[in-house]
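Colleague: Mind looking over this structure? Questions follow.
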């Protein structure tokens, strides 16, 4: 089979480009905190948005931590969702007053690729800043899940990832 010299040049270029990308990502922080406000009557929409990201993060060697207030994750759901059962940890029955503190501690360790916590109330600016610092320090992602009823809406949102979708409007 014939291969041109161009193919060899492009592969050496892509090798150099990947080396530069790797060095530049090592020098930047990749932590992220995002508040995900979802309607209680449409939980599948949130799953459709977050599952691909969680599946990708599941390929890392780190754990995924779920801090749930009441419900327990079922093994069947975790496996059916394509998440690695051996890398998913859950702490349930966690009091809302301990959720932010637990998230900060977990994010800071660097042992988790993602930490997901449920909160009914808005974060204070201090709590948000503390979570952002912890996520940056641990190079991790944190998601604050906030269910709202279909009739209510939020008045403000702190800076972070905003996902706009026609499915929610």
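Glycine residues also receive a Cβ, built from the backbone N, Cα and C atoms like all the rest.
Sharing the record's features from Swiss-Prot:
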{"type": "REGION", "residues": "106-112", "note": "region 'FtsZ binding'"}
{"type": "REGION", "residues": "162-169", "note": "region 'Lon protease binding'"}
{"type": "SITE", "residues": "169", "note": "site 'Essential for degradation by Lon protease'"}
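For each listed feature, how buried is it and what is near it?
Modeller: Distant neighbours of the region 'FtsZ binding' (106-112): 31, 62-65, 67, 131, 134-135, 137-140, 142; these residues of the same chain sit at least 6 beyond its ends, with a Cβ under 8 Å from one of its Cβ atoms.
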Colleague: Could you give the number of helix, strand and coil residues in the region 'FtsZ binding' (106-112) as assigned by DSSP?
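Modeller: Computed counts for the region 'FtsZ binding' (106-112) are 4 helix, 1 strand, 2 coil.
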Colleague: Looking only at the region 'Lon protease binding' (162-169), what is the mean pLDDT?
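Modeller: Average per-residue pLDDT within the region 'Lon protease binding' (162-169): 52.
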